[in-house]
Structure formats: structure tokens, C-alpha cells
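Novice: Here it is: the structure, laid out below.
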Amino acid sequence: MSKQRKLTEADVTPESVFYQRRKVLQALGITAASLALPHNAQADLLSWFKGNDRPKAPPGKPLEFSKPAAWQAQLDLTPEDKVTGYNNFYEFGLDKADPAANAGGLKTEGWQVRIDGEVAKPITLDIDDLIKRFPLEQRIYRMRCVEAWSMVVPWIGFELGKLIKFAEPNSNARYVAFQTLYDPEQMPGQKDRFIGGGLKYPYVEGLRLDEAMNPLALLTVGVYGKTLPPQNGAPLRLITPWKYGFKGIKSIVHIRLVRDQPPTTWNQSAPNEYGFYANVNPHVDHPRWSQATERFIGSGGILDVKRQPTLLFNGYAEQVASLYRGLDLRENF
């Protein structure tokens, strides 16, 4: 049996971000020999479980929500401190602990979201309006990162499709485009490309309209019974549990119904690595690592990290497979 090749930082980190990190370290005069751990997804995971200076999320406000039985999956939850302390949110830094450390000052009071485009009723709503208009419910979802780690999270929100129906899309609407807040003063990664991984900001994402209308697609305002902390995408983020986590755009300010497929940030950055669809698929590897298995982040320490098989559509094939009937999932990854 041949030995499995060891993963390097370049193997598990997007190439553009990998080289940005190297530039940052060089600018700071930090050499490889002086680093205790390489800054990549695997090392971030190791340092997290060591418990060194783990950042604490700011306290959230309690939310009122229902718990529909159909959405309370009997799965082992990832502990709250790991859900809120191990994140990708490059607007606040490249390492997993950076968002919790740097996002605490994000101003979310009076936050507004604009819904427009190919709709009969364009409207701007603040976050309180959304919560009052669309009753909240808790849904326990699997979450799978493209970096081959996973969590199980009790999100609180409402179906994206309900908001879309409220805006009354017209016959030209075929896709839904999303945009994150653009505020370099609050989000240092937008101001400094070394901090933000060299991505083009604001962060943008998109779905086909039928994907957006699927009941699984959730506009999320809370987690673990409280409002979202900034590092998790406060005050409003998208959750599409059958897709890789980078599709879950955070801190949304604009939702637009459009005719043509919208650009998406990671697809623009590295189209050979990150497709528009980004459906979880154990049979379609990332060009630099396998997607056949994943590391589940649970309640244990580093020795207890569970490696498990990746499920097609992250275990939600029954609900979403029909959306892609006749579509080559290798070509349309």
C-alpha cells in the first residue's frame, strides 16, 4: 500500500490566500522556522483544540423561535464555543480565530437589507422588520466546509423562499444574487488585501432561483438560541446545507433577483477550484485535496476528532437531488 502524501499548507488553502499569507509573514519578518504552526486549515484546527487564547463571542440577544420536529435532526451538535470561534470570514482575517477576535465591533443595529431586481415589490427592510414579518424556527443542519471539515449547528432563521415570494419575482427572475456589507472601516480585510486574502470585495454569492426556493435554504439570524455573533455573519447570513460553506454568505445587505447567473467571489478568485454550484460531493475532489472524507468538529479534543465519509449533498440528497437531474455534477461543480 502506498503511503498517503502529506498535505502541505498549499494543499488545503486556496492558492491566492496561501501566497497572501506568505507575503504577510515576510512583511512582518517572520520566518518559517519561527512559526510554531503553519497557518492553514489543518494547523488552525490543531491550535484550536489546544485551547490557547480561544476568543469568546460577544453575548447575543435571546430569540423567540419554534422547533419544528422535522428539522430537529438527532445529530451530535458542535459545541457553541467552536461554532463561534472557528470561522472563515476573510473580511476580518485569514485564520480561523481572527473573525471572533476582530469582528466584535461590527455595528448591526439598524441593519437594512434591500430586495430588488426582477421583482414586483422591491423593498428595504431592517433586521427587526424581517424578524417580525417572518416567524423564526430552529433547524439543526450539517455544515460542510470545502476545506474538508464539518460541524452540526442549530441555526435560527426563516426560509429564504418566503422572502422571495414576498417580493414577487417576475418571469425574468432566474437567479438570486447576494452581497455582503462593504465597509472597509469596519471590515479590515476589505481595506488591506494582506488581511483579506486578496479577494475582490464586497463578497458576493448566488443561487439559481429554484435552489433559493428550496425549503432547506435558510436566511439565518441566530444560533444556539441567540442572535448571531459578528464572526458568524451577523445579523443575517445564508445557510444552504447541501452546499459547501463558502456559499453561506454573511452579513447580507442586498438580495437581487436577476436574469443571468451572477458572479460569485470564490469562483471569480479561482474558477478551477470553486464552482458556482459548490454542492457537497464526495466524488468530485478539490484539485488539491480529496473530498471523500471530512473531519467532524465535535465536543472532544484533538485526539477525538472524527473522520467520517462525506455524504452526497451533505446528506440532503432526498430534498435537493431533483434540482440537478440531468446535470453533470463533475462539470458543474
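Every residue number used here counts from 1 along the chain in the order it is shown.
Note: Cβ is positioned from N, Cα and C throughout, glycine not excepted.
Given the structure is predicted, the values throughout are model-derived calculations rather than measurements.
The annotation signal peptide is assigned in Swiss-Prot to 1-43. The Mo-molybdopterin binding site annotation in Swiss-Prot covers Asn87, Tyr90, Glu91, Cys145, Thr180, Asn232, Arg237, Gly248, Ile249, Lys250 and rests on sequence analysis.
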Novice: Between the binding-site residues Asn87, Thr180, where is the Cβ count within 10 Å the lowest?
Specialist: Thr180
Novice: Which of the three DSSP states, helix, strand or coil, fits Ile249 (Mo-molybdopterin binding site)?
Specialist: coil
Novice: Return the residues near Ile249 (Mo-molybdopterin binding site), defined as same-chain residues 6+ apart in sequence whose C-beta is under 8 angstroms from its C-beta, sorted by sequence, else 'none'.
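Specialist: Same-chain residues close to Ile249 (Mo-molybdopterin binding site) (Cβ under 8 Å, separated by 6 or more) are Phe178, Gln179, Thr180, Tyr203, Val204, Glu205, Gly233, Arg237, Leu238.
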Novice: Any idea which of the binding-site residues Glu91, Arg237 has the thinnest Cβ neighbourhood at 10 Å?
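Specialist: Sparsest of the binding-site residues Glu91, Arg237 by Cβ contacts within 10 Å: Arg237.
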Novice: Give the helix, strand or coil assignment DSSP yields for Thr180 (Mo-molybdopterin binding site).
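Specialist: SS state of Thr180 (Mo-molybdopterin binding site) = strand.
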